[in-house]
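Trainee: This is the structure, below, for whatever I ask next.
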Amino acid sequence: MSATAAQSPGQTPGQTPTAPEPRESVRRRRAARPRNTGGLSSTSLIYLVLVGVIAASVVLTAIEGRNFFSQGNIWAVLTAMSVLGLIAIGQTLVILVGSLDLSVPYVVSLATVIAAGGMKGLDSNLPAAGVNTLGLCALIGLVMGLLVGVLHVHGFIASLGIGLVVSGYLGTNYQGSHGDASPDLELLGRSGIAGIIPTAFIILLVAAALVTLLLRYTRLGHHLYAIGGNQDVARMSGVRTVVPVVAAHVMCSVLAGFAALLLLSRTGVGLPTIGSQGRYDLLSIAAVVLGGTLLAGGKGSVIGTIGGVAIFAVLDNVMGVMQVNPFLKDFVRGLVIVLAVAVYARRSVVRRPPRFGGSGPLGASLGTNQKGGAA
Amino acid sequence: MSTATSTPSRPSAGRALPLTEGSLVQRLLRGALTPGGAVFILAAVLFVAVVAINPNFGDPPQLIRFIGRTAPIAIAAMGQYYVIVSGEFDLSMGAVIATQVVIAGNYIGQDEGRVLPALVLMLLVGAVVGLVNGLGTTLLKVPSFIVTLGTMLALGGLVRYLTGGAATGNPVDTFREIGRGGIQDVPVIEVLPYSVIILVAIMAGGVWLMRSPFGRTIIATGDNPDAAGLAGAHVWWVKTRAFMLSSLSATVAGILLVGYAGVHPSVGAGYEFQAITAVVLGGVVLGGGRGWLLSAAAGAFALELLFSFLNFQEVESTWRPTVQGVIIILAVAAAGRAWSLGRRPSRTSPPAAPAPPSTPAHPGTETGEK
């Protein structure tokens, strides 16, 4: 969204963004303004897919003799969304800036054992343990961000490396469950509104709203898109590229820490393998890409990511209701990822407008025709 | 056109590719300073360190067995190299290995006559998986990370579903001999494992491939797919073949692993990341276009030597991932600098020594492979 806003002034300098519209070719218009042409943007497409998946789930659940929209089932779906959702929001930030974070599962595991170990089952320890945990996550994110931003290590490698370092630490020092969550935190995991919307989901929505505001209305957010689009161009345009990269990684790790606290509120104990068992690294990246964010960075939105997470949660839920073999679930997930991304991967690629001949008579006439048709 | 007069015709054209200048020794020395060459030095240093702790390790029979043990990961790393140098990722490698292992276990059983058909079937499955990965990446324009993640989940899930997640099937010993056995009574090394022969054959084939037009095209494609496409390369087919090579390498690694590890759907778990680590350790740049095939294999050996070193030092094996993580971060941070130093003449400092004008440069002959 911000990418489109950033593009339009750049196309024809010296004119107002609306003036050159008739001279744009059809392709250029589609690429630059997916929302105005009447075509489907990837965000609306992902929600259409979501509606389709929900419709199919309702039917399949009904065949099993159960109601998809029952209180308990909606609660289950929304709870399942909350943890992966928080991680995926962080992952969105990192991917937008052109990096990747493969360390989230290990950060999540580490955060649960550290938080549970700090709480020792006492409410009085909750604030300190929470702050400690999130601070540690922020520190991990900071190291990763500095590796990516200052030393120019590829995000894939930096986060894979940090993840391995953390997993080695976890494997050496923690065997089995560790610590005990405070009762207040466990209460939070069970609380909700009217037995339908869990508090965890509200936390997810608040985080999504805050990050969306950050991306749309702050300088940092715009810089994230600019750097993800093209780091060199952003730097030469006067953007300091280190700070947004580091900030994205810190926010991603902190959001993973929050997700770990939510997990802890449900499990009650810290588990050193909970993150890698959940495969949050690959699933969160898949959810982000499913949500229409370009893996190369520079284009995407948190709203789309939430849609992607919702698709996974609904699929998991209906497969659980149908008692699908857990190994077959992976098979279905894999198929869905590839098929769903294949459906709209072609349109979400921002094509550079043709440099020569794009504004010829044919292009102009097509452009005006379509504008007339749309109006 | 005014620039034509302002730039004198110095013999500076050769400076763009310093690796093509000088005698063989000079070129080797310069090559050793690039990340692709440095990994050979790293492997040698690690080897010396391991032998210093445990002198038995240096005995030829021991050493050849170590090489045989490392062959599967080295082969997988070379397969991953093709994909990475073309600018993509292949995360499906571990799942392909698991699939092949399970196919071998269940299709062959105790029937000797099925060994050859099974090999054909496995190679076919590998080629098809690679084809799917490649076509998904190139024609559907889905990022390779996502396509191969999808095939990884789908294949891994299917294999676990079909086997129930437990070890099933037991291929005949003749099939297992491929990974386990060797030619007996060889002088000096006692046994020459088949896996070493396969490794050497694949290395030789790979070097030949990277020197062929296909190899040149794959590096050009990884460096800049648009430019390669405009120059006439069929980018989609080049990349698809890279994915097929990767899956076929995973298949060969799987065949070898049947001999060592037995039939279990979790064989090969994590192989994709280990192969990527080895490739990156070999100085191959993620994003494509830079790096040598043999460096990827050397990266695999360096990694295994490092693990042996830690074993002999009696470091707890749970620290292995930590060491691996630190190593790859350091390797990549160093490589990012060294490639630009090795390849590009610095603009600020004047050329230290004038290029020998008599040496005929062979443009484009020495960039892909040492």
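In case you wondered, yes, glycine gets a Cβ from its N, Cα and C as well.
Because the structure is a prediction, the values reported are computed rather than measured.
What TrEMBL shows for this protein is this:
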REGION    A:1-38  region 'Disordered'
COMPBIAS  A:9-18  compositional bias 'Low complexity'
TRANSMEM  A:44-63  transmembrane segment
TRANSMEM  A:75-97  transmembrane segment
TRANSMEM  A:103-122  transmembrane segment
TRANSMEM  A:129-147  transmembrane segment
TRANSMEM  A:153-172  transmembrane segment
TRANSMEM  A:193-215  transmembrane segment
TRANSMEM  A:242-264  transmembrane segment
TRANSMEM  A:285-315  transmembrane segment
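Each of the listed features needs to be described in terms of its position in the shown structure.
Mentor: The list of residues near the transmembrane segment (A:44-63) in space but at least 6 beyond its ends in sequence, with Cβ under 8 angstroms from a Cβ of it, reads 69, 73, 290-292, 304, 307-308, 310-311, 314-315, 317-318, 321-322, 340, 343-344, 347.
The list of residues near the transmembrane segment (A:75-97) in space but at least 6 beyond its ends in sequence, with Cβ under 8 angstroms from a Cβ of it, reads 104, 108, 155, 192, 195-198, 200-201, 203-204, 207-208, 211, 215, 224-225, 227-228, 244-245, 248-249, 251-256, 258-259, 262-263, 266, 278, 280, 283-285, 287-289, 291, 293-295, 297-302, 305-306, 308-310, 312-314, 316-317.
Long-range contacts of the transmembrane segment (A:129-147) within its own chain (CB-CB distance under 8 A, at least 6 residues past either end) are made by residues 101, 103, 107, 110-111, 114-115, 117-119, 153, 155, 158-159, 161-162, 166, 182, 245-254, 256-258, 260-261.
Same-chain residues lying 6+ beyond the ends of the transmembrane segment (A:153-172) with a Cβ under 8 Å from its Cβ atoms: 94, 98-107, 109-110, 113, 140, 143-144, 147, 272-273, 276, 281.
Away from its own ends, the transmembrane segment (A:193-215) comes close to residues 2, 71, 74-75, 78-79, 81-83, 85-86, 89, 92-93, 96, 221, 224-225, 251, 255, 258, 262, 265, 301-303, 306 of its chain (Cβ-Cβ under 8 Å, at least six residues beyond either end).
Long-range neighbours of the transmembrane segment (A:242-264) within the same chain, counting only residues 6 or more positions beyond its ends whose Cβ lies under 8 Å from a Cβ of the stretch, are 82-84, 86-87, 89-91, 93-94, 96-97, 99, 101, 103-104, 107-112, 115-116, 130, 133-134, 136-138, 140-142, 144-146, 148-150, 181, 185, 189, 200, 203, 207, 211, 220, 223-224, 227, 270, 274-275, 280.
Outside the transmembrane segment (A:285-315) by six or more residues, the chain places 1, 3, 41-43, 45-47, 49-50, 53-54, 57, 77-78, 80-81, 84-85, 88-89, 91-92, 95-100, 204, 208, 211-212, 215, 225-230, 332-333, 336-337, 340-341, 344, 348-350 with a CB less than 8 A from a CB of the stretch.
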Trainee: For the transmembrane segment (A:103-122), give me same-chain residues lying six or more residues beyond its boundaries with a C-beta closer than 8 angstroms to one of its C-beta atoms, as numbers and ranges.
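Mentor: Long-range Cβ neighbours of the transmembrane segment (A:103-122): 87, 90-91, 128-130, 132-134, 136-137, 140, 144, 159-160, 162-164, 166-167, 169-170, 174, 178-183, 185, 252-253, 256-257, 259-261, 263-264, 267, 269-276, 278-281, 284.
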